[in-house]
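Lifted from TrEMBL, the feature list:
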- 13-214: domain 'Cytochrome b561' (DOMAIN)
- 7-31: transmembrane segment (TRANSMEM)
- 51-69: transmembrane segment (TRANSMEM)
- 81-100: transmembrane segment (TRANSMEM)
- 120-142: transmembrane segment (TRANSMEM)
- 154-173: transmembrane segment (TRANSMEM)
- 193-213: transmembrane segment (TRANSMEM)
Amino acid sequence: MSTPAALPYYVAFSQLLGLTLVAMTGTWLGLYRGGIAWESDLQFNVHPLCMAIGLIFLQGDALLVYRVFRNEAKRTTKVLHGLLHISALTIALVGLVAVFDYHRKKGYADLYSLHSWCGILVFVLYFVQWLVGFSFFLFPGASFSLRSRYRASHIFFGATIFILSVGTALLGLKEALLFKLGAKYSLFEPEGVLANVLGLLLACFGGVVLYILTRADWKRPSQAEEQALSMDFKTLTEGDSPGSQ
C-alpha cells in the first residue's frame, strides 16, 4: 500500500519540532536553571526534562506509530506502540519522583497548583489507558468484538490525554517562569523569551501530531491478511462464520 505523498513530510516536521523542544528544554534548564542533578538543589530540573521527553515527545511518537509503519506486520506495530508508551510512562514516573522528592527535602507543599492537579490526572489516565490497551490489544484474552468496540474509545482517550499533557506542560512552564521572574517576566527577560518560544514549540508539536492523527486518508489501511486473521479469530472465539457478515 502506497504512502500518501505529504505524510512523510509532516512526520519529519513533527520529529524536528519534538527534538527541538526537548533540546530547548535542556538549554533552558542549563542556561537559566543551573543544569540537572539528582542529589542537589538541581533535582527539580529533572522534572521538566523528563516530562518533555516522556509525556510530550515519546507519547506523540507512540501515537504516530500506526501512521508511520503502514505496511509492517500489525503485531510488530502494536508492540512498538506499547513499548513507546511504557517508555514514556517510565520516564514520566522518574520526573514525578524527582519533584516530590525535591519538595520533601525542601519542605515545600505538594499538589496545590492547577499544574500539579492536571499533572497527576494526566499520569493516572495515561497509566490506565496503557494498562487497558495492553489488556485488550496485546494480551491474548479479549475477544474480537470487545476489541472492536473499545478501539474507538482507545483512540479518543489517547488523543485526549496527549492534548492534556501538552496543556499541563504549558501550565507548568508558565508557573516556573512566574515563580522565578515575577514582575520581571513582563520586561522581556531573556529567560522568559526563550521559555515562550519553548511554549510555542510545545503547542506546534501537539498541533502537528493531532493533524496527522485526524487525517482520515492517512490512517493505516487494513491489509488483506489482517482482515483474514480478524475473521478467523472472530470465528474461533465467537462462533461466527465469515459468510454471515
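Yeah, the Cβs are placed from backbone N, Cα and C, and that goes for glycine too.
TrEMBL does not curate its annotations; it predicts them automatically.
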Is it the case that the transmembrane segment (7-31) and the transmembrane segment (193-213) touch, counting contact as three or more CB pairs under 8 Å in which the residues of each pair are 6 or more positions apart?
yes
Within-chain partners of the transmembrane segment (120-142) [C-beta distance under 8 Å, separation at least 6 from its ends]:
55, 59, 78-79, 82, 85-86, 88-89, 92-93, 96, 111, 150, 154, 157-158, 161, 164-165, 168
Reported mean pLDDT - the domain 'Cytochrome b561' (13-214)
95
